[in-house]
Amino acid sequence: MPTTQKTLMFLSGFLTSLGSVVVICSILATQAWITSRIFFTDAISNGTIVITYGLFRGTSAQELNEGLQDLDKNFEVLGILDNSSQKSLHLVVILLLILSLAASVLSSVFTFYNSISNPYQTFLGPMGVYTWNGLSASFVFLAMVLFVGNAESNHLSDKLSQKLYPDTTNKRTTHTYGYSFWLTLHVIFLNIVTAVIIIFYQKARYRQKQEQRKPVEYAPRDGILF
C-alpha cells in the first residue's frame, strides 16, 4: 500500500488533472473564442459585421452606419466553410484539443492509480504522469498557435463573413480573443502544476531513501568483537 504522503500528493495531482479535463471540455463547448469586427461596404449600406464564434458554433450581427440591417444570424462554423485551408486548419485545432483531452484523462487515471498502488518503476508511475501532462500541454499550445494563425494570417473570420454576407466587400478586420481562447492557458498551467506535485513527491521520496541509507559509521558502536 502507498504511504499517506504519496496518497495525498497523487490525489492532489489527480484533482489538477481532472481540472484540466473540465477546462478542456469547457473550451470545446463554449463559443467565445474570438470576436471579429469586420468593416464592410455593399451596394446600399456600410458598417461593421461583428462575428463571435468558437470551434463549432457562432453568431453574427451587423452594426450599420446607413442602410438596411440584416437580422442576427446563428451558424455552424464547419457547416458554412467549404473545403478550404481555413476549414482544414480549424479541424486540426479541434483534433489537437481532443488529443489534449484524452491525455488529461489518462493523466487523471494514472495519478489516481498511483494514489492507491505502487507501480513506481513502470510507465504507470510518475513517468507516465509526466508524459501525459507534457502531451496535453503541447497539444493545447499547438491548438492555440494554429487557431491564431488561422484567424490572423489565413483570414478565417473574413471567410465566415463572406459566407454569411456574400454581397458585402470587407475593408478591414480586427480581432479580440475571448475567455474560451484564454482558458487554454489554464490547461497548460494545470498540467505544469500536476507535474510539479509529482516532482516534489519524488524529491521527498529520494530524501527519505537517503536518510535510510546512512553510512554504518554513524551508527552507535558498543565495541568490536574478535
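Placed from the backbone N, Cα and C atoms, the Cβ positions cover glycine too.
The feature transmembrane segment is assigned by Swiss-Prot to 8-28 (among others).
All protein chains considered, the CB of N46 (N-linked glycosylation site) has 15 other CB atoms within 10 Å. According to Swiss-Prot, the N-linked glycosylation site annotation covers N46.
Positions annotated as transmembrane segment by Swiss-Prot, on the basis of sequence analysis: 92-112 (among others). Remote same-chain residues near the transmembrane segment (92-112) are listed as 10-11, 13-14, 17-18, 20-21, 24-25, 27-28, 55, 124, 128-129, 132-133, 135-137, 139-140, 142-143, 146-147, 150, 187, 191, 194, 198 (criterion: CB distance under 8 Å, separation of at least six residues from the stretch ends).
According to Swiss-Prot, the feature transmembrane segment maps to 128-148 (among others).
As annotated by Swiss-Prot, transmembrane segment applies to 181-201 (among others), with the evidence given as sequence analysis. Tertiary proximity for the transmembrane segment (181-201) is limited to same-chain residues at least six positions away from its ends with a CB under 8 Å from its CB atoms, namely 5-6, 9-10, 12-13, 16-17, 19-20, 23-24, 26-27, 32-34, 100, 104, 107, 111, 126, 129-130, 133-134, 136-137, 140-141, 143-144, 147.
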